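What follows is a short report on a single structure.
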């Protein structure tokens, strides 16, 4: 029998609990490998139901200033995709339940070599991939090899994904569907809850998969609002901004930046967890 | 690699030239590039579109641009070449276009498309500022608001063009990320586009980006090669033996080259920017010094490290200062149809001065790279042969850069 993936198991559990999941995004290697690993290990206890781990890239065309800066900090500290897989391996020594999805741009995966990457990623304990610049039109590049290796390849749907295009986007989707709440870059505007609810319902019906929403969700209130209408809420820029502010406040002590991030994660995770009871 | 029946058949319907090209963009932008490809297909079949484009190219841009025999430069080459050597050097004078470079050929085509699609806002990226100026120009002509993204470094080194864009009513937004040059400007333009999907048309300036841009830009620039072919037949009764052009993203080069690709007697040479030298790592020669990867919507040759991180390019010429190259060039490189060589900052600077002194033409630093290799190439060719070089831009914008490098106290030679 095919083993149930960590993503499927986690979303099943969330459905049984009748609540949405909280999915924090952090950049692997930001601000350095050790701090990033410590943060990653502490996130599940702070309420992370799954983790989106950013793969740094010099040219993040869909990211706003906060995540651009996070990627640059990681690059400056010597982060590479190889080290990101090492980070996941270390995390997996202690946590075999929390799904990890890598999110990034195609070129680092391309440079690693697709066949070698999907094998190594699977072995490291990665569960899924979100590759921003690989639309369904470029499926042969990485989605097919990733699926063959047992990794979920998460589709992005956006406000520009119209009804005519939806089947192409959802065909072969796996894991969950990531709904980008608004046309724009990360950390800027966010979508309006009514429109997001409608889009999420359509995506869920058409794909049979859980739907996560992200982009521009910065407050516990907004996270809770979305948690009532989708299966998971992704927060990235707000956490990364908190990290950046803490690093600025105490430049010599990156370890001191961990707690402020976890504290915000607990607030957001708590709001998501409680949303449907409210 | 197997030799194709024609070098002019690409791209395929997925936007591929061999394995290069494609549509590597975020989902938000994918429907937009698909719609653009559809509209461009319709426009290509519409005689009204061609008539309109031809009208503006003739009466507004000033086409056809002249074909010019660079007689004194040819004499200069022959003076030091071996007996019987020294090809006739011709310039295709696209620097005489309105706005001073070939860039407007493409901008005119794209803004007419934008109008067909009902788009009401124009964005562009620019390096040297030539594409920015050309975009601002057509935006002014058709009364559309225009935002130009330009690396902060380039804003500094291309001040005359920044002022020109502002005069034309464009908003110039300096981009401070990365090394603050063309690549970073393109990232920021893509971020704008992904945010303003409904009303905005992105006029990409080079033959790169997601399909259909590389094909579309090539088609609009191919007017250079089509004219040159006819003009050369008229002047010499035959085609040239070699044609040359500089390559950053490669739009002027593909424009000159494409109509000649299936003429096997024509040797085709592209000249990349070798910056401080290929062995220094400080250059912009992605074909000579890079390897295939994916950036800005297409698979092509890129300057990148082991981890796939994009390296910063370096060139004296802001227009060539880009770590990638158009996908069709990547394919022509791998098939061997076009030979790609390079010229350093210093060589370009020397050619810049040589051309001004001998021909009374101040070239842009970009074609000065092609000229540096063209002079060398001509000296190796027989005296009854012909070399054609694309003079794709004029050097007015570069005089301050060159003045800083040479000093302005007296004439350099």
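All positions are counted from 1 along the displayed chain.
Each residue, glycine too, has its Cβ placed from N, Cα and C.
These numbers come from a predicted model, not from an experiment.
Residues or ranges marked as active site, proton acceptor by TrEMBL: A:52, A:63.
A separation of roughly 14 Å, to the nearest angstrom, links the Cα atoms of residue A:63 (active site, proton acceptor) and residue A:52 (active site, proton acceptor).
A C-beta separation below 8 Å, combined with a sequence spacing of at least six in one chain, links residue A:52 (active site, proton acceptor) to A:23, A:24, A:25, A:26, A:100, A:101, A:102, A:103, A:130, A:234, A:236. Residue environment of residue A:63 (active site, proton acceptor) contains 26 other Cβ atoms, counted within 10 Å of its Cβ in all protein chains.
Following the DSSP three-state reduction, the secondary structure of residue A:63 (active site, proton acceptor) is coil. When secondary structure is read from DSSP and collapsed to three states, residue A:52 (active site, proton acceptor) falls in the strand class.
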